[in-house]
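See structure below.
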Amino acid sequence: MTERLGSVFIEGVSPELDAGRHAVKRVVGERCTVKADVFKEGHDVLVAVIRWRQVTPRAQQTDWEEVPMRFLGNDRWEGEFPLTRNGRYEYTIEAWPDLFRTWTSELKRKVDAGRDVRSELLEGAALLEGAVARARTAKQPDDARVLGEAAVRLRQPPSPDLLAVALAPELADVASTHPDRSLARRYDKVLEVFADREKARFSAWYEFFPRSAKRDGVTHATFRDAEGWLPYIQQLGFDTVYLPPIHPIGRTARKGKNNSLAAAADDVGSPWAIGASEGGHKAVHPKLGTLEDFRHFVETAQAHGIEVALDLAFQCSPDHPYVKEHPEWFQHRPDGTIKTAENPPKRYEDIVNFDWMGPARESLWAELESVVLHWVKQGVNTFRVDNPHTKPTQFWAWLIRRVQEAHPQVLFLSEAFTRPKVMKALGKVGFTQSYTYFTWRNFKGELQEYLEEITQPPVSDYFRGNLWPNTPDILPEFLQNAGPGAFRLRAALAGTLSSVWGMYCGYELCEGRPIPGKEEYTDSEKYQLVAWDLDRPGNIRDWIARLNAARRTHPALHQYGTLRFFSSNNDRVLFYGKRTPDGGSLVLMAVSLDPYAAQEALLHVPLEWLGARPDETYQVHELMSDQRSLWQGPDVQVRLTPEQPAALWAVHRFRRTENAFDYYE
């Protein structure tokens, strides 16, 4: 909008990510709350609105909708608009002086001061006549009639009745419906918000290698075999099953057991070394089955209430068809050989790098986009992206936007264990979720500091942390050779501190045998088939199932951004809570951080956060033990053990009285 004298200032807009370069994230069903400083010189009464629309293929023809903003004080304004559909929205702010309300405000002061207001009444009549014309243009004849009649009366000599008409709030309401926006100012940026589907904010992931589904450590399983795991995963309470790469595996420089550089003839290799004579990123490993078998696996998973997430690893083995067909897509050394991949200190001799920003990048990027769309066509709507921080963020921004323009339901999880700013940049350019440093946060202060950072604005506007206590790559020190208590408490933390969490197969069996001196599993499943005994003594399957059931049935635990930490007098006990925005579901949680010994703590319950009075008695339902208690007051004593290291209390306040009984009257 062009500059005008007396312009309104619009500043401090929130949410606004990096001056509007990136979209903020929300979920369908939420309302996008927007705040801004809106002010003008003088004493004019201002009006501010949010202009918003959903971006569609016909967006250029779509009219913008407007919702009013509320004045909060100190020139701060707030408004919100609904996110009813999955996809991208645009929004901005427009504000202008409400000339008629400004006039009525000045008129009242002059009347109260006993001033002659004949001239002011004529000014008001002129303002109303302008509103009449705008009402007629808007085809609102009733409004035009009301405004016109009032304008005629204001041209009569002043009287108490006439002043009552002029100052009537109802007249100002009608006049403000047809404002003079000639002095309006529109914010100089059009901002974006992306509304993801619900699983972006609430989901529970289970990772397993389908090739080990036979569970004998010898026989390469098929997708049909892997379908046999789905009831088990469902019983554990997971709604997303994540599969490592399912494509043909290269033979050149194939890795042997425990990442050995010398593979035996029967070694299955790392599934991240993608591509062989049987095909590349659009093919499935022949020992797993066919593309039709994969589609059947996806459909069977859906029948169990489980979504399939696929690993998206944009890298190739030296045997990948791309290497021969498109050598221009790869990085070459001065001697002409193709570079192998590295993620220092790790080196991947069985993988070669794409030349992401080379002369052939347009055709490379287009092909990789077609890979994603190929798997979307097979029923995959969630991708876990391998090492995205080693590829250009420009590529991810381009790819994710392109895919979501056609398929807004597609989710992308960033597997980037790297520097904080790089991880956050990946969230900004579009990744739906991200792995986190939770894997290495074990104690009270560091857990609270980190979770407060990633679950509160501004970081939570673009970054959703998916908490994993383990991965095939990472067996953290805290879990190495640990007992079930360690696995229970870390699962409880992951599943309640965030609304999205995941674990790699074997966690429920308390598998914790490391390679000495490393954070890696011995006999890692990345390089061999594993014989999983799902009934292994000492497993915590029931604990995991109860945890996921509690998450599923209590909406407070579906929330990502409502996490709040509360006071515990024991540094070995973390106390926190979550609630739905309307307060209809509240859950308090206490988790022991000691896997070896019992811990007691005095918890200070946040009565104001609960909405409870100090003298009020309320019920708590402990979800892991299914025990109910009555609490009163702010202080509660708790004892946690390695066998029961977490307590999850759903809070119920007694609100009903006899007045609500059907026959009270």
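Even glycines carry a Cβ here, placed using N, Cα and C.
Taking Cβ-Cβ distances under 8 Å and a sequence gap of 6 or more within the same chain, the neighbours of ASP386 (active site, nucleophile) are PRO245, TRP272, ASP311, LEU312, ALA313, PHE314, GLN315, GLU415. Residues or ranges marked as active site, nucleophile by Swiss-Prot on the basis of sequence analysis: ASP386.
Positions annotated as active site, proton donor by Swiss-Prot, on the basis of sequence analysis: GLU415. Taking the Cβ of GLU415 (active site, proton donor) as centre and 10 Å as the limit, one finds 22 other Cβ atoms among all the protein chains shown.
The DSSP secondary structure for LYS526 (alpha-maltose 1-phosphate binding site) is coil. Proximity of LYS526 (alpha-maltose 1-phosphate binding site) to non-local residues of its own chain (separation of 6 or more, Cβ distance below 8 Å) is seen for PRO244, LYS255, ASN259, SER270, PRO271, TRP272, PRO472, ASP473, given in sequence order. Marked as alpha-maltose 1-phosphate binding site by Swiss-Prot: LYS255, GLN315, ASP350, ASN387, LYS526, TYR527.
The site 'Transition state stabilizer' annotation in Swiss-Prot covers ASP473, and the record cites sequence analysis as its basis. In the three-state DSSP classification, ASP473 (site 'Transition state stabilizer') falls within coil.
Other C-beta atoms found within 10 angstroms of the C-beta of TYR527 (alpha-maltose 1-phosphate binding site) number 20, with every protein chain shown included. It is LYS255 that, of the binding-site residues LYS255, GLN315, ASN387, has its Cβ surrounded by the most other Cβ atoms within 10 Å. Annotation: ASP350 carries the greatest number of neighbouring Cβ atoms among the recorded positions ASP350, ASP473 [cut-off 10 Å, Cβ to Cβ]. In the three-state DSSP classification, ASN387 (alpha-maltose 1-phosphate binding site) falls within coil.
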